[in-house]
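Enquirer: Structure incoming, see below.
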Amino acid sequence: MSNESLANLLKEERRFAPPAELAASANVTADAYTRALEDRLAFWAEQARRLDWAVEPTETLDWSNPPFAKWFADGRLNVAHNCVDRHVEAGHGDRVAIHFEGEPGDSRTITYAQLKDEVSKAANALTALGVTTGDRVAVYLPMIPEAVISMLACARIGAAHSVVFGGFSADAVASRIADADAKLVITADGGYRRGKPSALKPAIDEALTKVDGVQRVLVVRRTGQQVAWTEGRDVWWHELVDTQSPEHTAQAHDAEQPLFILYTSGTTGKPKGILHTSGGYLTQTAYTHHAVFDLKPESDVYWCTADIGWVTGHSYITYGPLANGATQVIYEGTPDTPHQGRFWEIVQKYKVTILYTAPTAIRTFMKWGDDIPARFDLSSLRILGSVGEPINPEAWIWYREHIGAGKTPIVDTWWQTETGAMMISPLPGVTHTKPGSAQRPLPGIAATVVDDNAAEVPDGSGGYLVLTEPWPSMLRTVWGDDQRYIDTYWSRFEGKYFAGDGAKKDQDGDIWLLGRVDDVMLVSGHNISTTEVESALVGHPAVAESAVVGATDATTGQAIVAFVILRGTATPDDDLVTDLRNHVGKTLGPIAKPKQIKIVAELPKTRSGKIMRRLLRDIAEGREVGDTTTLADSTVMNLIQAQLPTTDNKS
Ligand code: 6R9
């Protein structure tokens, strides 16, 4: 961004009070903000007591060597014990931990007592395979219970896991295995996606021709498809794990014991291995899951639709919910298999009360039509969550109306792989929500918006989102590269963590996320966020989804180019394109009118649903399309390019 701060174009006046009943029985009330403000460290020390410690910490934060933090450093705990055993010991062994729903329609119910046995057997198996405390294990699995069991088994013995998206190529897996120096890989023959078995093991077989160090490969049989087998290296899960003893004594590890490495997709350059450790991470994931979802473990059925290979799957499928003793749904497949109502059928079947999904999914459901969720009984839902991208106000309203019966509160949760847990979000029993805003830092979190000179911007202005105090679940470093950790996150603004996102504060001081600053457009000297133009487009009744980029332009510096997906009922013609341009002009002002609007059927997205604007910029500027290895579906770019000439409309 240049010196001119980020323009504040979008106005949104709608407000929604929390339901009275929810407010009256909420896990967390407004006083949490006050207590945390009075003594932030005492607040986090109190939250750490939500966990079972083998040795209670006496220190809270060690910030003597910034930006390298230690939280609860003299405490010792076992993360898996906290997520599993302690619930069984407390008498909840019969409570369902996981309702697993396979894509083909198979299902499994796993209680906490059964989960304890499974995790213990897997921990014994890892030990039998020579994995010990301090080692790294790569996990490349579909969305099946073994993914969660593997993560917890690693945590139990103090080995760090590195989960790699099941969709990544052999090369992407190889570079991640090499960077983490993993000793063992856990994979499956395949998983079910879009109605078909989709192979996983061939990518591991190929990756292992490129890297050394992996001694064994543990293979879950999920689809029964043919696999190549390397004798002496490969071992079946059902042969090794299922025959282990279900007894395993969990040793305590240091609070700062590495728990996992997770590689960020990183739009450019080598992926960064984000390192998270144990005590602080588990404290903040458990606290935020309790506070933001108001989880009542005895009665709620929670479902997070994220993939386990995304940080959301780590923090809000495996660690936060299980630390809190939640009952949750895990679904293997895609939302349109075998029909476009699959998610709602699952909500109805398990009487899901808390649903956590991504804006990209919500916009897809908008595109498919209101009549689909209307066919199912969604009355069990009491809280809806959103994560991954800014949620456009119209998508937010659609979510509340069509999924939440016009009354269910929505929590728009801002956080990152690097932050480990939620940072900015409404509290469902406290906050008067605003469609499209993540609103306030959670209790114990310090975040604000600054200008180029690190000065806090006044209410009503935009700039850079920064975190001004360390937090328990913060990344500890970039694996093997402390300097990169300092340079990437702590160098732009002295003493502050720069998140890479643009944001604005409204007149009430509430925070609105405006997308990555790399995506901000500079049009005739004005910084305009892609998010605001996209939200204006999604505010038009014909539009389901849009992606906006700035393309080099001789007169204005950059020109706004919009890629638009229409709702099921709309007709793509020149009148509509003119109408859309005028609509943006009316909503945000003439400066934000797209120069070109291209109607497309798909947008390029990562597996966590983030739009890869870099690739669209390549198209808008007539360049060859760059690196597409982190795309969820690599055929999308061809589809978009093939579609374009007919919808071009230079004006
Ligand atoms: C959890 C996760 C992090 C980036 C982040 C921001 C975007 C996530 C958001 C959001 C607006 C939200 N992001 N949640 N933007 N509102 N509620 O997504 O982690 O995959 O590392 O991505 O995602 O741009 O900086 P990760």
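One-based numbering along the chain as shown.
Backbone N, Cα and C define each Cβ position, glycine as well.
Curation plays no part in TrEMBL annotations; they are all automatic predictions.
Reproduced below are the annotations present in TrEMBL:
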type	residues	note
BINDING	Arg193, Arg194, Gly195, Lys196, Thr312, Ser524	CoA binding site
BINDING	Gly388, Glu389, Pro390, Asp412, Thr413, Trp414, Trp415, Gln416, Thr417, Asp501, Arg516	ATP binding site
BINDING	Val538, His540, Val543	Mg(2+) binding site
DOMAIN	31-83	domain 'Acetyl-coenzyme A synthetase N-terminal'
DOMAIN	90-471	domain 'AMP-dependent synthetase/ligase'
DOMAIN	532-610	domain 'AMP-binding enzyme C-terminal'
MOD_RES	Lys610	N6-acetyllysine
Enquirer: Based on a Cβ-to-ligand 1 distance below 6 Å, what subset of the binding-site residues Lys196, Trp415, Val543 would you report?
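Expert: Correct list: Trp415.
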Enquirer: Looking at the recorded positions Arg193, Lys196, His540, Lys610, which has the shortest Cα distance to Thr417 (ATP binding site)?
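Expert: Given the candidates Arg193, Lys196, His540, Lys610, the nearest one is Lys610.
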Enquirer: When neighbour density is defined as the number of other C-beta atoms within 10 angstroms of a residue's C-beta, which of the binding-site residues Gly195, Gly388, Pro390 has the lowest density?
Expert: Gly195
Enquirer: Mind checking how the domain 'AMP-binding enzyme C-terminal' (532-610) divides into helix, strand and coil residues in DSSP?
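Expert: So the counts come to 25 helix, 27 strand, 27 coil.
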Enquirer: Which one of these binding-site residues, Thr417, Ser524, has the sparsest Cβ neighbourhood, judged by other Cβ atoms within 10 angstroms?
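Expert: Taking Thr417, Ser524 as the binding-site residues, the minimal 10 Å Cβ count falls on Ser524.
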Enquirer: Give the three-state DSSP assignment (helix, strand or coil) for Gly388 (ATP binding site).
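Expert: DSSP assigns Gly388 (ATP binding site) to coil.
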Enquirer: Of Thr312, Trp415, Arg516, Ser524, which binding-site residues come within 10 Å of His540 (Mg(2+) binding site), going by C-alpha to C-alpha distance?
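Expert: So the list reads none.
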Enquirer: Neighbourhood of the Mg(2+) site (Val538, His540, Val543): other residues with Cβ within 8 Å of the Cβ centroid, in order?
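Expert: Everything else in range on the chain: Glu394, Ala536, Leu537, Gly539, Pro541, Ala542, Ala544, Ser546, Val564, Leu580, His583.
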Enquirer: Report the largest Cα to Cα distance, in Å and rounded to a whole number, among the residues Gly388, Glu389, Pro390, Asp412, Thr413, Trp414, Trp415, Gln416, Thr417, Asp501, Arg516 that the record lists as binding ATP.
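Expert: Per the listed residues, the maximum Cα distance equals 17 Å.
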Enquirer: Summarise the model's confidence over the domain 'Acetyl-coenzyme A synthetase N-terminal' (31-83) as a mean pLDDT value.
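Expert: Residues in the domain 'Acetyl-coenzyme A synthetase N-terminal' (31-83) carry a mean pLDDT of 98 in this prediction.
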Enquirer: Counting by DSSP secondary structure, give me helix, strand and coil numbers for the domain 'Acetyl-coenzyme A synthetase N-terminal' (31-83).
Expert: 22 helix, 12 strand, 19 coil
Enquirer: Quick one: which of these binding-site residues, Gly388, Thr413, Val538, have their CA within 10 A of Thr312 (CoA binding site)?
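Expert: For Thr312 (CoA binding site), the binding-site residues whose Cα atoms are within 10 Å come to Gly388.
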Enquirer: Distance between Arg193 (CoA binding site) and Gly388 (ATP binding site) at the Cα atoms, whole Å?
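Expert: Cα-Cα distance, Arg193 (CoA binding site) to Gly388 (ATP binding site): 22 Å.
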